[in-house]
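*Asks:* Attaching a single structure in structure tokens format; questions to follow.
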Amino acid sequence: MDSIHNTVVPDPFTTSLEKPHNTSKLVKLLSKDETNQVLTNKVNDSPVNPKSSYEAGFKKYSKEANQNFSRHKRAARRDDKKNTCSLYIQTDPLIWRHIRETFPEHTDPRKESEVNEKTREEILSLIAHHVTAVNYIYRDTKFDGRSEHRNIKFEVQRIKIDDDSSCKCTHHHCGDMNQFCLENIDVSNFLNIHSLGNHEDFCLAYVFTYRDFTGGTLGLAWVASASGASGGICEKYKTYTETIGGMYQSTKRSLNTGIITFVNYNSRVPPKVSQLTLAHEIGHNFGSPHDFPQECRPGGLNGNFIMFASATSGDRPNNTKFSSCSIGNISNVLDAIDDNKKRNCFTASAGAFCGNKIVEAGEECDCGYDDNECQDKCCYPRIISIEDRQRNINATGCRRPRGTECSPSQGPCCNGDTCKFIQPYERELCKTESDCSMSSHCNGKSAECPSPQPRPDKTKCNNGTQLCIKGECLGSICLEWNLQACSLNSHDKPDINKRELCELACQNGTDICRSTREFAEKVGLPTGGISLRPGSPCDNFQGYCDVFLKCRAVDADGPLVRLMNLLLNKQTLLTVAQWITEYWWAVLLMSIAFMIFMGLFIKCCAVHTPSSNPKKPPARRISDTLRRPMNTLRRMRHPHGAAGRAVPVPGRSRPDRSGRPTSSQAGPRQGYGEGRGQYQAPKELLFLLSNWQPVEK
């Protein structure tokens, strides 16, 4: 899946989804994360050796561990249908480093712990926003196959955040370095590293990263199959055999995994694009390949659907919907789960889950599962320690101690030392400025960061290719000239080159679509106009701009599908049928010639194929046939006689054999070796004969 520039956000996403550095937790998390990426909750934990962390972590969600917390769960839904997919989210050190560096004070050693806490809160907010956005999409989609599958939800059960301390080597020793720290990992190997962990206690496990993969790849996930093939949702941790260097090797993997990245061609991916990427990769986990055929990827004004092979911009009606093809594929997998053909790991929604570090409905705070995860003295973890119980016999998980005003888990404007709101006079920066918004400081009234003041509408953003609308980079630069954005395409201009397709274009109402290069001087633009950013859609959303700003067609089908379409489409089959009807005699002659050829081919192969039958003549070597092809033909005509006598060669006299014994007198000829048409007594029999002695009676 390929990246795209900033996009318009539909109404369901406009509430608290596009707010970087707003680390306040969502009051209500509707569903679980569906991306194909893994994010970790515990710092410095290596994903390729997860046993130690999982042995303790998986017990957290057992029945026994949750018996005392049922009173904190939300009221049961109107039905008890199991339609909730549990998520495990892990973030790697690269995204930790990127988010940490966005804070101005990240270089100040005196504020290291404070910046680290802000980074964790920002990452948690990022996860919550993406899971909520995915829930909006899946909740409103009816995956109705033979059974009704509706209101699919995703709930985060565990989060693991890796900081970059696990990437530092000590005394030239890197044995314990996090595998996600390695440089030059392609997207396939990155997913394989994640898949080595045991994630079978979760429906899906995803990793969020800030790694710029080659080819503009934004995500990767294992695809589920209704036929029962391994991969996708609910897959167990099991052994798979693979070929490495020509050798077979068995490896245990979890194929209910996926990954997404937040960077593309060295640019941060807009929030809406990364949210749709997560929904796209989860769609693979649920059994949907890329949209096919053409009816399910229409493009045009309505745009392409979620499972289109390239990332969509998010501002078209179809961008947040599944096509009928995808709905059918996903419905087949869900039907297979209902029929017990695939493992069913869906559960009834448990509502708020205390211990996942996300503040949900009914929770005052959420700092983690136990004291090992919770470093917040302003909030009780899910498991109350003996010391906390002695200090407060009424202590309850995900609640604040008496006398506290807030918890840092609620947002960045809570002082973790005093458990009080940060006052305005402290001038605490909680959100940095962006292209479309001013910076924001804590106001002393809430733990959440106040909404920043938006910059004036039509302020240029996204490297001058878009305009700010209500504090977000949503509008096209064409609006500045009272024009509408459009996309150049090769259908209207067959002679247009790939470079021109990556130029930003505008149109006036129903006027033709023109590149900004054509009117650059009139509006004060540099000569050559404005180019789209790498990863942007081009050619009417049928391609994307690469790093050289050339439009590359999206290979949504793959070579096998293209070959199938070439050979098996209706037009090709009809043409072949008409030709056979008209030239029936040619077909008959070709059939006879083919049968003669196959007969000769089989005969020739039979002469050169070794046989274990002692009555058969020895196999002839290919080199002998190439030197004397006529000898091979004679042998094919006289297969039995040729083995027992020499074949006369023209120009030579046959030697006189009158004085030699017959074959019956001389015994079997020598020189053919074991198993080459020469009978030899078994070695066991020879051993017995050599040691045989008469027995006296």
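Yeah, the Cβs are placed from backbone N, Cα and C, and that goes for glycine too.
All TrEMBL annotations are machine predictions without curation.
From TrEMBL, for reference:
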ACT_SITE  GLU281  active site
BINDING   HIS280, HIS284, HIS290  Zn(2+) binding site
COMPBIAS  660-669  compositional bias 'Low complexity'
REGION    1-20  region 'Disordered'
REGION    632-677  region 'Disordered'
TRANSMEM  583-606  transmembrane segment
*Asks:* Tell me the Cα distance separating HIS290 (Zn(2+) binding site) from the residue listed as 'active site', rounded to the nearest angstrom.
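*Replies:* Pair distance, Cα basis, whole Å: 10 Å.
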*Asks:* Can you tell me whether DSSP puts HIS290 (Zn(2+) binding site) in helix, strand or coil?
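*Replies:* It is coil.
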*Asks:* Helix, strand or coil for HIS284 (Zn(2+) binding site)? Use DSSP.
*Replies:* helix
*Asks:* What is the total of other Cβ atoms whose distance to the Cβ of HIS280 (Zn(2+) binding site) is within 10 Å?
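*Replies:* Result for HIS280 (Zn(2+) binding site): 31 other Cβ atoms within 10 Å.
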